[in-house]
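Participant: The following block contains the structure, expressed as structure tokens.
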Amino acid sequence: MSTETTVAQLQNWNNFCQYHANNDWYGTWTRYSADGQILETFHCIRSFYVIDNGNEIHHQNYYTYADGTKETKTFGPYKKPITRGLFLDNTFSWGSTKVESGSNFGFETGLRYEDKRASVFIGWDDAGNLERITVIPETLTIFPENASPPSAKELSGNWVGTAKNMTPNWMVSSPVPASWKPLENLADDYQIFHFSDGISISCPRKVAIGQSFLAAIEWQIYHNLLQRGIRNYKDSSLTNFTLQTFSLATE
């Protein structure tokens, strides 16, 4: 491993620690079908804690389901600098990096702003069909309110922004200007949903070996501030993860 790669991997680890660890994230998880029907809603506290002088992160999820059943799941531990995720500034994204025959395909992408996070898991079945979507708004203090069904949304005004890319081996580009496009214009014939808490997605209805595609998670944090995390795939393999940040320009 080159020195450049080592430095990039360490920065990836440091972003994990800085933006997401040593916190308990109170989330309201809502699972949707591929056509946007609510399947279930439950609470989960995700805990990430750094130990051993920053060399290890312990991760536990504490679930409380609608019927009152409780469950705890332990992941990791993650040992510096190895993680399964890409941590580009305040964002994270982990999951499948390649479409493979007969295998499920999916990933979670999330963004943090101050004491809140918004993330979405999108999953396709082993035939490549969109199967399920889990939307997760989180805060550091309380569980967000239960979600409502997806609704229509239209953004207007002059949005100006920047974009940064991270490759699967953690190399990060310098910020460049980003042209504004509504989610509906990112790709043709994608499944687009606008959920509660300002969270939206655009993703393929089906993925296949050899296909190039993207999947975008959008979070409108305030009326004048919006971020996107976009996974880009070429020939069905992950090429980079993009963070876009847009602000509504004043007249």
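Cβ from N, Cα, C; glycine included.
Residues or ranges marked as domain 'DUF3598' in TrEMBL: 10-140. As annotated by TrEMBL, domain 'Biogenesis factor required for ATP synthase 1-like C-terminal' applies to 187-236.
Tell me what's around each of these sites.
Facilitator: The domain 'DUF3598' (10-140): residue composition by secondary structure is 10 helix, 81 strand, 40 coil, according to DSSP.
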Participant: Across the domain 'Biogenesis factor required for ATP synthase 1-like C-terminal' (187-236), what does the pLDDT come to on average, as a whole number?
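Facilitator: Per the prediction, mean pLDDT sits at 97 for the domain 'Biogenesis factor required for ATP synthase 1-like C-terminal' (187-236).
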